[in-house]
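First up is the structure itself, then whatever we jot down about it.
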Amino acid sequence: MAWRNHSAITEFILTGLSDDPLIQALLFVLFLGIYLLTMTGNLMMLLVIRADSHLHTPMYFFLSNLSFLSLCFSSVTIPKLLKDLLSEKKSISIEGCLTQGFFIFITAGTEAFLLSMMAYDRYAAVCHPLLYGQVMRTELCVRLVLVSWGLASLNATIIVLLAVNLDFCEAQTIHHYTCELPALFPLSCSDISMTVDILLCTSLLHGLGTIIPIFFSYARIVSTILSISSTTGRSKAFSTCSSHLAAVTLFFGSGFLCYLTPPSGSSLGLLLSLQYSAVTPMLNPLIYSLKNKEVKAAVNRTLRKYLL
């Protein structure tokens with residue numbers, strides 16, 4: 001590996017969330033609960049969508065992929081965090097750091113693209129309801145998901161290659177609870193100016209490439225909703241998008257602020273990172289089920305089918 005040839009260190013030390021044993025114990029209980037809720041909620045969503053034929057629609061196909069991504073994203077970060085909260089030495093090998101960073105980027109990146117694809121799905125449902133089934137064909141939905149994974153993989157590979165070519169001499173403390181690759185750059189004894197510029201450009205391209213389609217989709221959706229004469233019709237049309245809009249706000253709001261600000265290990269940066277990597281995956285199944293009558297009905301049918 002290239003790092004072996006350039007670096008004098010073999011591992012990094014993570015500062016984590018706290019050095020206080022009592023606070024660490026409380027945080028362990030908190031994040032264990034968050035992880036269990038995330039696993040339970042998203043696995044339940046996957047089971048219900050797969051088991052109930054009423055949910056075999058494009059919207060729920062995308063939602064099942066979002067639940068799978070939430071499982072993956074949480075599993076990349078939280079188990080390591082839980083282990084470190086119980087350990088005196090919070091270390092991670094160079095290979096482990098590279099691997100964790102890659103999977104953080106690929107899961108978070110795929111989720112960003114998927115939320116963009118889901119915005120297009122909501123645009124088709126609200127603005128062209130009579131043509132919805134024809135526009136959102138199964139083949140198109142599968143291709144959109146594959147494109148999301150492909151583009152996110154490309155972006156993650158670029159970021160990892162940037163990190164591989166850095167020299168790490170003495171500094172080995174990462175002021176974070178995970179090995180997010182941008183947090184590595186300040187530790188390098190190489191000239192990172194070009195690397196940071198490339199990281200910023202790829203992040204902007206990735207971010208704008210996902211948020212702009214969402215913006216234009218919702219611009220058309222709002223225009224269509226406002227043109228509906230009845231209050232009931234407007235309310236019904238908006239309710240089909242409210243869950244997705246909440247998920248987009250949670251994910252992109254914290255994600256953009258986290259990746260478009262310098263990695264300093266500040267309390268705000270850690271909170272933003274926890275928001276999109278731990279809290280948002282837990283909330284996604286709740287967001288899409290609490291106000292969704294179809295999901296509630298499907299959950300009841302599934303429970304009756306398997307438990308009664």
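Just so you know, glycine gets a Cβ as well, placed from its N, Cα and C.
Listed in TrEMBL for this protein:
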TRANSMEM  22-48  transmembrane segment
DOMAIN    41-288  domain 'G-protein coupled receptors family 1 profile'
TRANSMEM  60-82  transmembrane segment
TRANSMEM  102-120  transmembrane segment
TRANSMEM  140-164  transmembrane segment
TRANSMEM  192-216  transmembrane segment
TRANSMEM  237-262  transmembrane segment
TRANSMEM  268-288  transmembrane segment
With CB pairs under 8 Å as the measure, which of the listed stretches 60-82, 102-120, 140-164, 268-288 comes out on top against the transmembrane segment (192-216)?
102-120
Taking the transmembrane segment (22-48) as the first stretch and the transmembrane segment (268-288) as the second, find out whether 3 or more Cβ pairs fall under 8 Å, excluding pairs closer than 6 in sequence.
yes
Cβ under 8 Å to the transmembrane segment (60-82), counting only same-chain residues 6 or more beyond its ends: which ones?
16-17, 28, 31-32, 34-35, 38-39, 42-43, 45-46, 49-50, 92, 100, 103-104, 107-108, 110-111, 114-115, 117-118, 121, 138, 141, 144-145, 177-178, 247, 277-278, 280-282, 284-285, 288
Take the transmembrane segment (268-288) and find every residue of the same chain, 6 or more past its ends, with a Cβ under 8 Å from one of its Cβ atoms.
17, 31, 34-35, 37-38, 41-42, 44-45, 63, 66-67, 70-71, 73-74, 76-78, 81, 104, 108, 176-178, 180, 243, 246-247, 250-251, 254-255, 257-258, 261, 295
Could you pull out which residues elsewhere in the chain have a CB under 8 Å from any CB of the transmembrane segment (102-120), counting only those six or more residues past its ends?
59, 62-63, 65-66, 69-70, 72-73, 76-77, 144-145, 147-149, 151-153, 155-157, 159-160, 178-181, 206-207, 209-211, 213-214, 217-218, 244, 247-248, 251-252, 255, 276-277
